[in-house]
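Engineer: Submitted below is the structure of interest, expressed as structure tokens.
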């Protein structure tokens, strides 16, 4: 059961009467609870941008105890050089992932000043262990397995073909439902993700607000030791407290975790000729200070009909102002016949040439242009800042050092 509607002002209570009816912070909260506000923006942001929620908890967060440096870190140093070369990886695995929970199975791929990308792998649930990211919100893009995200606001269920966003500072734990779970994770430290402007598309299309789902209140009232791991200023810290941090009995507000089924995306594409720019596939965006230039765009290439006439239908050859990191959830990406599989990653930074590989080009340039259904789901994290690759990703055996060879079959066919 979920609450519906992107950015709506929701309210939910797990126990009847837990929400105060007429105010935020009464002298004595109902049921002996404590009122606590969680702000996602500055108090004075314009009303339509202002994010906050009021939580009614068994104990306030100040009782969590003292944080100490954690021996493990998820962020890794970047390579010194900014290579102009295109890069690609097969799915990445480490020996540390033989038995691991969500935090232990994170692999830092690349980052920019306000965005970082990881892959996650987990085959072990977090029982009395919790995670929070003070540095930014987290966007989950699973490609295998099923997980449940237990948050301060309630539970989200997540599997391949859906996404979830955990706001900055919200504590959660990951329960692995399948044998193992794999996915991509994007950390956004810029403006919170929101729906893109539709412009001439009109009032409807792309990701519809009513399809975004928010959790109903649910809480843990358990004693014993509970470990909280917190990412703060690029480092991990931990504390051990005598109660669960997921002790919110009721809440109201517009700053909360949410999930979305990508199959509900209303895809816009050409019904005449040419290949529209990939911005028409934007699901969520983090706006920068420059209008029309995003800090982060989350873009998908979903299942769709391809019907363009007298047109090269796959993505065109391109040198881009923006910086692209791509992944694949399922299927076969229409611009890459080989080498790019679910769990894989490619990075094409500013002005790095990219486009269909030779085999894909040959097929698309000569095929009979009948309506064709593409049954795959690829995605892109696009940023205004350069993707800097981590040392561990650059030196990982999964990096395809021969990636550029996929374009070496092209011949000169020019004739006057």
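Backbone N, Cα and C atoms are what each Cβ position is placed from, and that goes for glycine too.
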Engineer: Which one of 310, 354 goes with 318, 324 at the Fe cation site, as Swiss-Prot has it?
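Structural biologist: Between 310, 354, Swiss-Prot records just one in the Fe cation site with 318, 324, namely 354.
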Engineer: Through the lens of DSSP with three states only, how would you label residue 324 (Fe cation binding site)?
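Structural biologist: Reduced to three states, the DSSP call for residue 324 (Fe cation binding site) is strand.
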Engineer: How big is the gap, in Å, between the Cα of residue 275 (active site, proton acceptor) and that of residue 324 (Fe cation binding site), rounded to a whole number?
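Structural biologist: Just about 18 Å between their Cα atoms.
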Engineer: I need the CA-to-CA distance for residue 354 (Fe cation binding site) versus residue 333 (homogentisate binding site), whole Å please.
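Structural biologist: Pair distance, Cα basis, whole Å: 14 Å.
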